[in-house]
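Q: Quick one: structure below, then a few questions.
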Amino acid sequence: MDFSELFRNFPELTTTGLTQGAIYALVALGYTLVYGVLRLINFAHSEVFMVGTFAAMWTWNALGFNQNLSPSGVLISAGVLIAGLLAAVAVSSATAVAVELTAYRPLRKRNAPPLAFLISAIGASFVIMEIIGIATDRAPYGNMPELVSNKPLFTILGAEITPVQIVIVVGALVMLVGLDWFINNTRLGRGVRAVAQDPDSAALMGVNKGRVIGLVFLLGGVMAGVAAVFANLKYGFTKFNLGFLFGLKAFTAAVLGGIGNLRGAVLGGLLLGLVENYASALVGTQFRDLVAFVVLIAVLMFRPTGILGESLGRARA
Amino acid sequence: MSERKPLLEVDNVTLRFGGVVALDKVDFTLYEGEILGLIGPNGAGKTTCFNAMTGVYMPTDGAIRFRGQQISGKKRHKITKMGIARTFQNIRLFPEMTALENVQVGADAHNRGSVPSAMLRLPRFWQEERRGIKRAEELLEFVGIKGRTHELARNLPYGDQRRLEIARALATDPTLLCLDEPAAGFNPAEKVALLELIRKIRDSGVTVLLIEHDMRLVMGVTDRIVVLEFGKKIAEGTPAEVRDNPKVVAAYLGVPDAA
C-alpha cells in the first residue's frame, strides 16, 4: 500500500479516472438501455464498441492521415475528428441493430427462454470479434493521427489538463445529457420508458414494441460509437479483442450504478474509472483490472440492485 | 334497433387453454354508440373474452371482427390503432411516469415519425409534442383528475389511478373503450361518479364495453347486457330482460339450473 503515491498524484489520478470513466459510462449506457427494455444482457455490445474504433481509424487513414501525418490547424483536425465520429457512430449503431435483427429478434419471435438469448449474445460477440480478427490479422493497430493534443493545456490544483481530456469529458457529458433529455422528453423516449415499465400495457397503448427495441439498440450503438472515437483519442491504439475487457468493465459499471438505470450507468462508469486509477496508485498497476471486479462484488454485497437501483423508468432523479 | 351499425362482432368464438375450454362458442355483437355490459360470476370467462377482443389471446375457433375486419392474430399496437382501447382489472399504469406522461403515451399513438424526424424536423416535433400535451391535459380534466397532472402515477390515490387509466385509454382516440371492472374497490359514492363518467364517455361518441361484477352498476348504465357462465353465453338483452331471466338468477345465486 503506497498512500504517499496516492496522495501525491491525487489530482492527476482524478482527472485520468474521470476521462476513463466517461468512456466506460458511454459504453455502459448501451448495456443498460437494452437491459431496461428487454431484461437482456447484450454481451455483443463490447464488439459494437470495438468495431467503432476500427471504423474511425480507417476513416482517418482513408482521408490520408495516420500516425506520421496529423492534420494541421484546429479546423481541419476538428473536421477529421468529426468524420471519424460519424463513421464510428454509423458502423457501431448499424452493428448493434444488426445484432438485434439477427441474434435476438428471431429468438423473441419463437419465445425462446432467456438462456438462449445469453448464448446467442456470446455467439454474436465472437462472430464479430473473429471477423475483425481475421480482417486485421489479429494485430494491434496504432495507425492514428493526433487529432487532439495530448500536451497539458493548463493546471488545476496540481492536475495537468490536456485537450484530449477536455474533449472526452465534455463530449461524453453532451451525449449523456442529450440521451437523458431524449428519454425523458420525447415521444420515442416515452415509448422506451413505457415498454421498460410495462411492456403489455405499452403495446395496448399503441407503442410499437419492436420499434422501441430497435431504437434502444440504435441509441446504444450511437453511444458506443462516440466512446470508440474517444478511446482512440485517449489510447491511440486498437485491436480486435479490445472490446472484451473494455466491455466487461462497462458492463460492471452499468451493474454498479444499477442496471437499467441511465444515470446509474453514468455514475457507475465514472466511479469505476476513478476507483481503478486510485487503486492502481495504491496497490500497483498490475492490479488495475482486478480492482474493478472486486469493487463490483463488494458493492453488490451491500446493494444488490446497484447504487441507484434498477429500472429505466426511474431515469428521473 | 336493426338500423344500428355493428362495431364489434364476436362470432362463435371458442378459446381453449390445453384441455380447458375458457370460451365456448360465444357469440354476440356490439353496436356503435351503445354501452354493453359483459357480466357473469367469477371464472365465467369475462376477462378471457375481453382479452380475446383486445387481441391478447387468439381464439382457437371463430372470429372477432371490428368494423368487419378480423382482429384475431393482429399485433396489439395495430389493434389499438384500429380504435380499440382498454383498461385493466388490476391497474397497470406506468408507475414511474407522471399522470400527464401516462396519457401522453396513449396520445403518442397517432403521432407519426421516426428517430430522424424527432431529431431533424424539430418544428413538427414540437408541434406534435404541444398538441399531445394539450390533449392529455384535456383528458385529465375530462376524467376529473386535472389537479394530479404532474404527480407520479404510483403516488396517486387508488380511485385517481383508475381514472388515469381511463384517460390514458381515451388518449388513443378509440371508437371502442373496454373497461375491465372499473369499479373494483370503489365505495358507493365513487361508483356513482364512475357511472357518470362512463355516460359522459359514451356521449362523447365512444362505444363502451363494460365488464363488471357489481350488478347494480351494470344495470344502471348499460343499454344491453351479455351474461357468461362457464365460458358460455347464457343470456343477452336489456338490463330488465336479463334481470328477470331465470338462468341469470340461477347463475348468480348458485341455484342449480332447472332447464
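Heads up, the Cβ atoms here are built off N, Cα and C, so glycines get one too.
Here's the feature list from TrEMBL:
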- A:22-41: transmembrane segment (TRANSMEM)
- A:48-66: transmembrane segment (TRANSMEM)
- A:78-103: transmembrane segment (TRANSMEM)
- A:115-136: transmembrane segment (TRANSMEM)
- A:156-183: transmembrane segment (TRANSMEM)
- A:212-231: transmembrane segment (TRANSMEM)
- A:251-275: transmembrane segment (TRANSMEM)
- A:287-308: transmembrane segment (TRANSMEM)
Q: Do any residues, 6 or more residues outside the transmembrane segment (A:78-103), come within under 8 Å Cβ-to-Cβ of it, and if so which ones?
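A: Distant Cβ neighbours of the transmembrane segment (A:78-103) are 30, 42, 44-45, 47-49, 51-60, 63, 65, 71, 120-121, 123-124, 128, 145, 147-148, 213-214, 217-218, 220-222, 224-226, 228-229, 232-233.
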Q: Do any residues of this chain, six or more beyond the ends of the transmembrane segment (A:251-275), have a C-beta under 8 angstroms from a C-beta of it, and if so which?
A: 13-14, 16-29, 31-33, 35-36, 41, 43, 45-46, 176, 179-180, 183, 196, 291-293, 295-296, 299-300, 305-312, 314-315, 317
Q: Hey, which of A:22-41, A:48-66, A:156-183, A:212-231 has the most Cβ-Cβ pairs under 8 Å against the transmembrane segment (A:115-136)?
A: A:48-66
Q: Check the transmembrane segment (A:48-66) against each of A:22-41, A:156-183, A:212-231 and return whichever range has the most CB pairs under 8 Å.
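A: It is A:212-231, which has the most Cβ pairs under 8 Å.
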Q: Within the same chain, where does the transmembrane segment (A:212-231) have neighbours whose Cβ lies under 8 angstroms from its own Cβ atoms, ignoring anything closer than 6 residues to its ends? I mean 6 or more beyond.
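A: Contacts with the transmembrane segment (A:212-231): 22-23, 26-27, 29-31, 33-34, 36-38, 42, 45, 48-53, 55-56, 81, 84-85, 88-97, 99-101, 105, 167-168, 171-172, 175, 179, 182, 188, 191-192, 195, 202, 238, 242, 246.
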